[in-house]
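Below is one structure, written out as structure tokens; comments come after it.
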Amino acid sequence: MHGFHDVFIQILLLLAISVTVIAIAKLLKEPDSVALVLVGLVLGLTQLPFIEEAESYITQSEVFQATVISLFLPILLGDATLKLPFHHLFSQKKTVMGLAFLGTFISSLTIGAASYFLLDLPLAVAFTFAALMSATDPISVLSIFKSLGVKQKMSTIMEGESLFNDGIAVVLFKIASIYLLTYIEMGWAGLGSGVFMFLKFAVGGALVGLILGYVFSQVIRVYDDYPLEVAFSALLFFGSYFIAEHFHTSGVIAVVVGGFVFGDYGAKIGMSEETKTNLNTFWDSVTLLANALIFLMVGLEIRNIDLAGNWGYIVGAIAIVLVGRTIAVYIGTGWIKELSSKERILINWGGLRGSLSIALALSLPMDFDGREQVLLLTFSVVLFSLIVQGLTLKPVIKKLGLA
């Protein structure tokens, strides 16, 4: 290592590669997230001296986890809340809540039980893996929807589900990886403790987001200065996340709630049209760069994963996750008459997993029993999801006649 300067230059090279890949993918009208993962895989499997140090640096567990969770996640969640009008979300509230709450719990239980009995994973490992697989990533899905002219209804459902189930999945992950075995030993008292822990994370995070969202909404009433208001939005996203985490509640839920309050209530009382336009433009650019690096980093992680001799194990995990998603979608939305069978099929196949799952897996302590198993299975499922499901989503949409 020749110092920070050399690593920084090499990371800029990776960013240049990422942006170039996005530009080419857009010309070819293919999902840029899939293209970035594939290029990352190629870079991770080859030795290129001019970016070797940067690859080694950003694929370290601590760096990847900190970059995705602490830096990029608040940005992506906050931007999504600004882009998703609350009245659109409210119009699909039954479907979004059915998927994000009921569906996420069903998915976690199904995948956890199947992994325990069929893959013979230890109980805590099985349900930790299940929690990771319950978080969905709609980034590539939404870009495909937009390019094909899929109804706004479907984009709202997919994005709304992801915003809420990410927060729930993170809470379930913490409970499964840290407290599950203790709660089981406690019996019924453990069940009560688990429910209390979940409510503490979820409600506490929501309160932090609600308070900060309201405070920043009042602050921007005083100003008509869009650079300053953009800065306030950044403070809200990162402040919500880290304050909630400091008080051991859900930072993800805090950002989502705070972002919705700021983007809906704050926009009504304190943003001019110029501010709204510039706010969206700024975060569009930032999220493009963030996603570019995230998906390239996912591909680069191949250098740290040993797939050899584990193919049966991997195929079993992929099958379990696909079945778990199907069960969750059909039970979670089975009571909703407004949703057609074709739309359910699309929601099912479009439930891609992404970088959050890998980042959370990398955050597991080194002494966590089964850490390598969780990393192997999580990485494999995410790769399958982004590449196979991502590349087949467009033909599926056309076949269903939803374009």
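Numbering starts at 1 and runs along the chain as displayed.
Placed from the backbone N, Cα and C atoms, the Cβ positions cover glycine too.
As annotated by Swiss-Prot, transmembrane segment applies to 7-27, 34-54, 99-119, 125-145, 168-188, 196-216, 228-245, 250-272, 282-302, 311-331, 345-365, 373-393, with the evidence given as sequence analysis.
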*Could you tell me whether the transmembrane segment (373-393) and the transmembrane segment (282-302) have 3+ CB pairs under 8 A, leaving out pairs under 6 positions apart?*
yes
*Test the contact criterion for the transmembrane segment (99-119) and the transmembrane segment (311-331): 3 or more CB pairs under 8 Å, pairs 6 or more apart in sequence, then answer yes or no.*
yes
*Are there at least 3 C-beta pairs under 8 angstroms linking the transmembrane segment (7-27) and the transmembrane segment (196-216), leaving out pairs fewer than 6 apart in sequence?*
no
*Apart from its near flanks, which chain residues at least 6 from the ends of the transmembrane segment (7-27) lie with a Cβ under 8 angstroms of it?*
1, 34-36, 39, 43, 50-55, 57-58, 288-289, 292-293, 295-296
*asked:* Cβ under 8 Å, sequence separation of at least 6 from the ends of the transmembrane segment (373-393): give me the contacting residues as numbers and ranges.
replied: 30-31, 33-34, 37-38, 41, 121, 125, 128-129, 132-133, 140-141, 144, 295, 298, 301-302, 304-307, 310, 313-314, 317-318, 321, 349-350, 352-355, 357-358, 361-362, 364
